[in-house]
Amino acid sequence: MKQPVRVAVTGAAGQIGYSLLFRIASGEMLGKDQPVILQMLEVPFEKAQAALKGVMMELDDCAFPLLAGMVGSDDPNVAFKDADYALLVGARPRGPGMERSDLLQENAKIFTVQGKALNDVASRNVKVLVVGNPANTNAYIAMKSAPDLPAKNFTAMLRLDHNRALSQLASKTGKAVADIETMTVWGNHSPTMYADYRFATIAGASVKDMINDEDWNRTVFLPTVGKRGGAIIEARGLSSAASAANAAIDHMHDWALGTNGKWVTMGIPSDGSYGIPEGVMYGVPVTCANGEYTRVEGLEIDAFSRERMDFTLNELLEERDGVAHLLS
Ligand SMILES: NC(=O)C1=CN([C@@H]2O[C@H](COP(=O)(O)OP(=O)(O)OC[C@H]3O[C@@H](n4cnc5c(N)ncnc54)[C@H](O)[C@@H]3O)[C@@H](O)[C@H]2O)C=CC1
Ligand SMILES: O=C([O-])CC(=O)C(=O)O
């Protein structure tokens with residue numbers, strides 16, 4: 001049996017937390033042979049702490065063979081202590097009529113505190129995924145607040161957008177989701193994101209050629225994927241939770257256990273490639289192996305793609321400027 005690893009989850013009593021924790025404890029994230037110790041963080045209010053206790057009671061009641069321990073806390077220094085993985089979910093979600101950027105000032109402060117705590121107490125190899133919105137900029141803040149940890153340890157969740165794009169393409173082409181390869185989503189987890197199927201293939205054949213409808217790409221596909229979060233809020237009255245938890249599981253699973261050469265999308269700090277300034281937390285195609293992600297390099301960027309990639313970049317630069325005062 002492997003040694004247990006420590007997985008910190010913030011916002012553990014929230015909607016996403018409720019869909020996420022049980023899957024981590026059952027081995028869906030890190031493998032059916034990997035015991036885990038869950039270290040759960042919630043805000044220091046009675047209601048949230050009581051709800052967290054309830055979640056921990058239910059985790060107990062599942063008698064998961066891989067659940068080697070549990071810690072519930074309102075202190076990031078306890079929840080992140082020696083954490084090997086940290087899923088930063090806890091933040092206020094948006095409601096109807098709001099954009100994710102509306103959450104910026106309110107949620108940004110959380111990630112300076114949590115970045116510092118990770119810096120102080122987490123494993124030096126901790127893999128951090130930021131889910132709380134606006135995810136890219138919150139991940140950027142956490143990374144900047146943790147100067148002693150490698151920047152590459154901090155990532156933002158674009159996987160839900162990636163998965164949404166796969167489903168739209170499967171439905172358009174009448175093919176199986178599992179057969180679609182080399183799809184990506186560039187940029188910010190916001191409606192400005194650029195879901196790009198120019199390189200995607202199904203059994204070696206080009207998806208772009210199969211669809212052969214640039215008008216559909218621009219007027220149906222891109223807005224559908226970009227605004228899907230808002231469409232879910234309209235329909236459910238609450239933001240996506242099970243699909244978000246699923247995407248978080250996919251992201252961490254692939255980062256830890258590898259993708260066997262398959263592309264997935266992760267928000268990662270830019271190294272300057274593709275004209276994205278260094279350090280910007282930007283969705284790009286990656287492959288993962290041996291616990292590390294590697295950016296897919298050298299893709300051709302045509303004029304339309306450049307325009308879309310710069311558009312989403314500019315939004316990220318504005319968000320970055322909007323939180324600069326928290327990082328000085
Ligand atoms: N990146 C992505 O693709 C997606 C991101 N999200 C975002 O995930 C976040 C969480 O969503 P839900 O679970 O639906 O919200 P929720 O409101 O149901 O749960 C959030 C939980 O976080 C807790 N929390 C707030 N501040 C905290 C802090 N400083 N430390 C620890 N816990 C804290 C709250 O008490 C609450 O229990 C939101 O920001 C939402 O917009 C949601 C869907 C997809
Ligand atoms: O849209 C929201 O606010 C929640 C979210 O990030 C998503 O569903 O993609």
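Glycine is no exception: its Cβ is also placed from the backbone N, Cα and C atoms.
According to TrEMBL, the protein has these features:
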ACT_SITE  H189  active site, proton acceptor
BINDING   G11, A12, A13, G14, Q15, I16, G17, N107, Q114, V131, G132, N133  NAD(+) binding site
BINDING   R94, R100, N133, R164  substrate binding site
DOMAIN    5-154  domain 'Lactate/malate dehydrogenase N-terminal'
DOMAIN    159-322  domain 'Lactate/malate dehydrogenase C-terminal'
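DSSP assigns R100 (substrate binding site) to a helix. Fewest other C-beta atoms within 10 Å: among the binding-site residues Q15, Q114, that description fits Q15. Nearest neighbour of R164 (substrate binding site) by Cα distance, taken over the binding-site residues G11, Q15, Q114: Q15. Residues from the binding-site residues list (G11, Q15, R100, N133) with a C-beta closer than 6 Å to any atom of ligand 2: R100, N133. Comparing the Cα of Q114 (NAD(+) binding site) with the Cα of every entry in R94, R100, N133, H189, these being the recorded positions, the smallest distance points to N133.
Ligand 1 lies under 6 Å from the Cβ of G11, G132, out of the binding-site residues G11, G132, R164. Looking only at other Cβ atoms within 10 Å, the busiest spot among the recorded positions R164, H189 turns out to be H189.
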